[in-house]
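According to Swiss-Prot, the features are:
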DISULFID  CYS110-CYS187  disulfide bond
CARBOHYD  ASN183  N-linked glycosylation site
CARBOHYD  ASN194  N-linked glycosylation site
TOPO_DOM  1-39  topological domain 'Extracellular'
TOPO_DOM  68-77  topological domain 'Cytoplasmic'
TOPO_DOM  99-111  topological domain 'Extracellular'
TOPO_DOM  134-150  topological domain 'Cytoplasmic'
TOPO_DOM  176-206  topological domain 'Extracellular'
TOPO_DOM  227-242  topological domain 'Cytoplasmic'
TOPO_DOM  268-284  topological domain 'Extracellular'
TOPO_DOM  309-360  topological domain 'Cytoplasmic'
TRANSMEM  40-67  transmembrane segment
TRANSMEM  78-98  transmembrane segment
TRANSMEM  112-133  transmembrane segment
TRANSMEM  151-175  transmembrane segment
TRANSMEM  207-226  transmembrane segment
TRANSMEM  243-267  transmembrane segment
TRANSMEM  285-308  transmembrane segment
Amino acid sequence: MNPTDIADTTLDESIYSNYYLYESIPKPCTKEGIKAFGELFLPPLYSLVFVFGLLGNSVVVLVLFKYKRLRSMTDVYLLNLAISDLLFVFSLPFWGYYAADQWVFGLGLCKMISWMYLVGFYSGIFFVMLMSIDRYLAIVHAVFSLRARTLTYGVITSLATWSVAVFASLPGFLFSTCYTERNHTYCKTKYSLNSTTWKVLSSLEINILGLVIPLGIMLFCYSMIIRTLQHCKNEKKNKAVKMIFAVVVLFLGFWTPYNIVLFLETLVELEVLQDCTFERYLDYAIQATETLAFVHCCLNPIIYFFLGEKFRKYILQLFKTCRGLFVLCQYCGLLQIYSADTPSSSYTQSTMDHDLHDAL
């Protein structure tokens with residue numbers, strides 16, 4: 001139900017043809033405060049997530065290409081998970097502006113941004129699930145994993161995963177539309193009139209593909225991993241499991257509330273739940289859990305840094321390299337100025353190398 005819509009009534013509409021009488025019809029569920037809440041809090045929160053999510057996941061992509069060079073199936077899955085997070089990040093400026101004002105970007109971007117949102121959602125949880133399967137094969141079926149956990153199979157399964165995510169997101173692309181109502185432009189999913197079937201199918205799709213199936217697979221994988229590690233203690237394996245386990249737990253913790261709230265919203269749309277106070281709280285919950293889900297985009301790089309020793313080493317090397325380039329550029333600028341002022345300068349390359357070495 002649109003927050004600004006007036007509920008249907010069984011009274012004859014002709015009685016209320018007069019404008020003032022029509023406006024005086026009591027609205028069963030006013031939600032102006034909910035929109036004001038979103039206008040105030042969502043744009044700054046989305047901006048923070050955009051900045052930190054973009055920086056963190058860009059660093060992960062750089063590390064994977066520059067240092068790890070995608071040598072294994074795990075590297076391929078980590079790269080694709082970072083790309084999934086970046087899809088969310090790139091959509092946030094649009095949603096932030098939309099929350100503060102209205103949709104001004106047209107129908108094309110409305111469909112594209114909504115589609116990016118869903119593709120990022122599905123692909124993200126699919127790759128977290130694949131990472132759990134990858135750890136399961138590496139630890140529980142170590143011999144078989146030597147043949148199965150190859151770079152080639154990693155690329156093939158990643159392409160298949162993206163295909164499934166894109167296909168699952170098509171309804172969001174097809175049914176997202178722009179419309180203007182009471183001088184306010186919206187970008188929302190609108191189904192045909194009285195079409196409850198699509199609403200139910202959409203909710204079931206998100207909850208089954210986005211929660212039930214992945215959660216079942218992850219629980220199976222980690223129960224078998226824990227069972228195996230009880231008989232085989234290996235410090236490196238334990239650290240790898242901690243990192244992947246943290247990714248899984250945080251993903252479920254940040255996305256499960258949103259899935260539950262979406263399911264409850266569907267029940268409201270189907271008029272299974274009809275209570276004004278409950279609807280208002282549900283709208284607040286949608287904004288809160290959706291923002292919580294977006295925050296997840298920033299967390300995976302932090303997990304890699306604190307739990308992955310190699311990642312921590314590579315990230316520090318990357319920052320040292322960037323710092324060295326920055327210092328080098330500073331010295332290049334100083335050298336040009338100094339050379340222009342004093343043509344007989346004795347500032348040599350070896351001197352600059354020594355200074356750069358000291359800076360690093």
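Each Cβ is built from the backbone N, Cα and C atoms, and glycine gets one as well.
The structure displayed is predicted, hence computed values, not measured ones.
Of all Cβ atoms in the shown protein chains, 22 besides its own fall within 10 Å of the Cβ of CYS110 (disulfide bond).
Reduced to three states, the DSSP call for ASN183 (N-linked glycosylation site) is coil.
Counting other C-beta atoms within 10 Å of each candidate's C-beta, the recorded positions ASN183, CYS187 are led by CYS187. Secondary structure at CYS110 (disulfide bond), as computed by DSSP, is helix. The stretch with the most CB contacts under 8 Å to the transmembrane segment (243-267), chosen from 40-67, 78-98, 112-133, 151-175, 285-308, is 285-308. Tallying C-beta pairs under 8 angstroms between the transmembrane segment (207-226) and each of 40-67, 78-98, 112-133, 151-175, 285-308 places 112-133 first. In this chain, the transmembrane segment (40-67) lies apart from the transmembrane segment (112-133): fewer than three C-beta pairs between them fall below 8 angstroms, excluding pairs fewer than 6 positions apart. Between the CA atoms of ASN183 (N-linked glycosylation site) and CYS110 (disulfide bond) there is a gap of 18 Å, rounded to the nearest whole number. In the topological domain 'Cytoplasmic' (134-150), helix, strand and coil residues by DSSP number 14 helix, 0 strand, 3 coil. Long-range contacts of the topological domain 'Cytoplasmic' (134-150) within the same chain, counting only residues at least 6 positions beyond its ends with a Cβ under 8 Å from a Cβ of the stretch, are 72-74, 77, 221-222, 224-225, 228-229, 237, 240-241, 244. This prediction places the mean pLDDT of the topological domain 'Cytoplasmic' (227-242) at 71. Sequence-distant contacts of the transmembrane segment (78-98), counting only residues of its own chain at least 6 positions beyond either end whose CB sits under 8 Å from a CB of the stretch, comprise 42-43, 46-47, 49-50, 53-54, 57-58, 60-61, 64, 70, 104-105, 109, 113, 116-117, 119-121, 123-124, 127-128, 131, 158, 161-162, 187, 247, 294, 296-297, 300-301, 304. Panel annotation: around the topological domain 'Extracellular' (99-111), residues 38-39, 42-43, 46, 173, 176-178, 184-187 of the same chain, lying at least six beyond its termini, place a Cβ under 8 Å from a Cβ of the stretch.
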